[in-house]
Structures are given as C-alpha cells and as structure tokens.
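K.L.:
Before I ask anything, here is the structure I am working with.
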Amino acid sequence: MELLKQRILRDGQVKEGGVLKVDSFLNHQMDVMLLNEIGREFRRRFDGADITKIVTIEASGIGIAAIAAQHFGSVPVIFAKKTRSRNLDGALYTVKVHSFTKDVTYDVQLSKKFLGPQDTVLILDDFLARGQALLGLIDIVRQAGAQCAGCGIVIEKQQQGGGALVRAAGVRLESLAVIASLENGTVTFAQ
C-alpha cells in the first residue's frame with residue numbers, strides 16, 4: 001500500500017534493536033484518515049470473503065480493527081485480552097502467547113460467547129514480527145471451530161520470520177507494508 005509506505009518513510013523512526021516507531025500515526029496517536037484507507041485496502045484484499053467477525057489483540061490492533069470493520073458492513077470486532085479482568089467471565093478460549101519484545105508470556109483470552117463455528121473471521125493487527133500473537137489468535141479461531149478467512153497486517157517485519165510461520169501454517173496473510181530491513185536506520189521495503 002503505497003500511501004502507508006510513504007507515511008512510514010516520512011514519519012517512522014528506526015530505533016536501536018530494529019524497532020520501527022510509528023507512534024505518531026498508527027499505534028499511539030492514530031491518523032484516522034490513514035486508518036480508514038487501511039480499512040478500505042483490507043476490504044479490497046478480502047473482497048468475496050463473507051467476514052462475520054474481526055478479531056484482534058489488545059491494544060494497538062483495536063483502532064485498526066474498529067475502523068476496518070466499517071468497510072465489512074460494520075461487523076463486530078472482538079479483541080482478545082492479554083490479562084484476566086473481572087469483567088471477563090464465563091467460558092473462555094485461552095492460548096499462551098510469548099512476547100519476545102517484552103519477554104513475557106501472556107494467557108490470551110477471548111469469551112466463547114462471542115465466537116463460534118458459524119463465524120468467518122478476519123484477524124487484523126498492526127505489526128507482525130515473530131508471529132506468536134498472530135498464531136495465538138489463529139489458534140483461538142480454530143478452537144472456536146470458526147473459519148479463518150485470513151490475517152491482515154499493517155506492517156510486517158519480514159526479517160523476523162513471523163510471516164513465513166503464518167504462511168507455512170496454511171493461513172492467508174495480507175500485509176500492507178512488508179519491511180525487508182531496518183539496517184543503518186533505514187527502512188527498506190520488500191519487493
């Protein structure tokens with residue numbers, strides 16, 4: 001998605017350790033007009049898939065998923081929670097997801113009352129690096145007996161291998177910007 005790539009080049013910052021900081025427009029302050037175009041692009045790429053629910057993980061995927069849902073007929077968005085809260089009760093789908101960034105393993109949870117075999121799910125998230133969060137969400141969708149139409153990622157960090165893992169699992173993956181390298185503080189996109 002050329003608009004997104006240009007925004008990454010203009011406003012993204014490459015930090016130590018291969019971190020791409022896009023907090024000025026994507027995952028802290030959100031450019032709603034850009035998110036709307038991202039939602040429109042996901043709709044174009046998943047046209048023909050009869051999406052009934054969009055699933056994401058807290059927190060950065062929520063805004064993306066909510067705006068994208070409007071392009072899919074305002075289907076419900078469900079966000080999996082990384083921690084148990086008092087308002088999350090009843091039967092739950094649960095999967096362990098390790099965050100390499102934070103070096104923490106989360107018990108990611110989603111209520112069974114919101115997802116079932118009748119659903120066709122699109123999974124959306126902001127970043128794909130090593131793929132653990134995305135594979136965890138795919139596992140939850142499969143636990144529910146729902147159909148996974150695929151995964152939409154705003155920025156895939158190709159060099160960290162998560163995309164290859166998801167594709168090897170036989171899941172359709174559509175990434176709007178695929179980064180091949182962040183070496184020497186420069187963003188290089190995959191061809």
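Glycine is treated like the rest: Cβ placed from N, Cα and C.
Please treat TrEMBL annotations as automatic predictions, because they have not gone through curation.
The structure displayed is predicted, hence computed values, not measured ones.
What TrEMBL shows for this protein is this:
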- L20, N27, K157: xanthine binding site (BINDING)
- A129, R130, G131, Q132, A133: 5-phospho-alpha-D-ribose 1-diphosphate binding site (BINDING)
- 23-160: domain 'Phosphoribosyltransferase' (DOMAIN)
K.L.:
Rounded to an integer, what is the Cα-Cα distance in Å between Q132 (5-phospho-alpha-D-ribose 1-diphosphate binding site) and N27 (xanthine binding site)?
P.N.:
19
K.L.:
Round to the nearest Å and give the CA-to-CA distance linking A129 (5-phospho-alpha-D-ribose 1-diphosphate binding site) with K157 (xanthine binding site).
P.N.:
5
K.L.:
When DSSP states are folded down to helix, strand and coil, where does A129 (5-phospho-alpha-D-ribose 1-diphosphate binding site) land?
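P.N.:
Going by the DSSP assignment, A129 (5-phospho-alpha-D-ribose 1-diphosphate binding site) belongs to neither helix nor strand, so it counts as coil.
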K.L.:
Which are the residues of the chain, A129, R130, G131, Q132, A133 excluded, whose CB is within 8 A of where the CB atoms of the 5-phospho-alpha-D-ribose 1-diphosphate site average out, their centroid?
P.N.:
F100, L128, L134, L135, Q160, G162, L165
K.L.:
Cα-Cα, whole number of Å: L20 (xanthine binding site) versus R130 (5-phospho-alpha-D-ribose 1-diphosphate binding site)?
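P.N.:
Here the two Cα atoms lie 14 Å apart.
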K.L.:
Can you give the largest Cα to Cα distance in Å, as a whole number, for the residues L20, N27, K157 that bind xanthine in the record?
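P.N.:
Largest pairwise Cα separation, rounded: 16 Å.
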K.L.:
Within its own chain, what residues at least 6 apart in sequence put their Cβ under 8 Å from the Cβ of K157 (xanthine binding site), listed in sequence order?
P.N.:
G18, L20, F127, L128, A129, I179, L182
K.L.:
Can you give me the same-chain residues 6 or more apart in sequence from A133 (5-phospho-alpha-D-ribose 1-diphosphate binding site) with a CB-CB distance under 8 Å?
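P.N.:
Residues satisfying the criterion: I57, V97, S99, V108, D125.
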K.L.:
So how many of the residues in the domain 'Phosphoribosyltransferase' (23-160) end up helix, strand or coil by DSSP?
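P.N.:
Residue counts in helix, strand and coil order: 44 helix, 46 strand, 48 coil.
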K.L.:
Taking only same-chain residues 6+ apart in sequence, whose CB is under 8 Å from that of N27 (xanthine binding site), what do you get?
P.N.:
S60, D126, F127
K.L.:
Please list, in sequence order, every residue of the chain apart from L20, N27, K157 whose Cβ lies within 8 Å of the Cβ centroid of the xanthine site.
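P.N.:
Output for this site, in sequence order: G12, V19, K21, V22, L26, D126, F127, A129, I155, I179.
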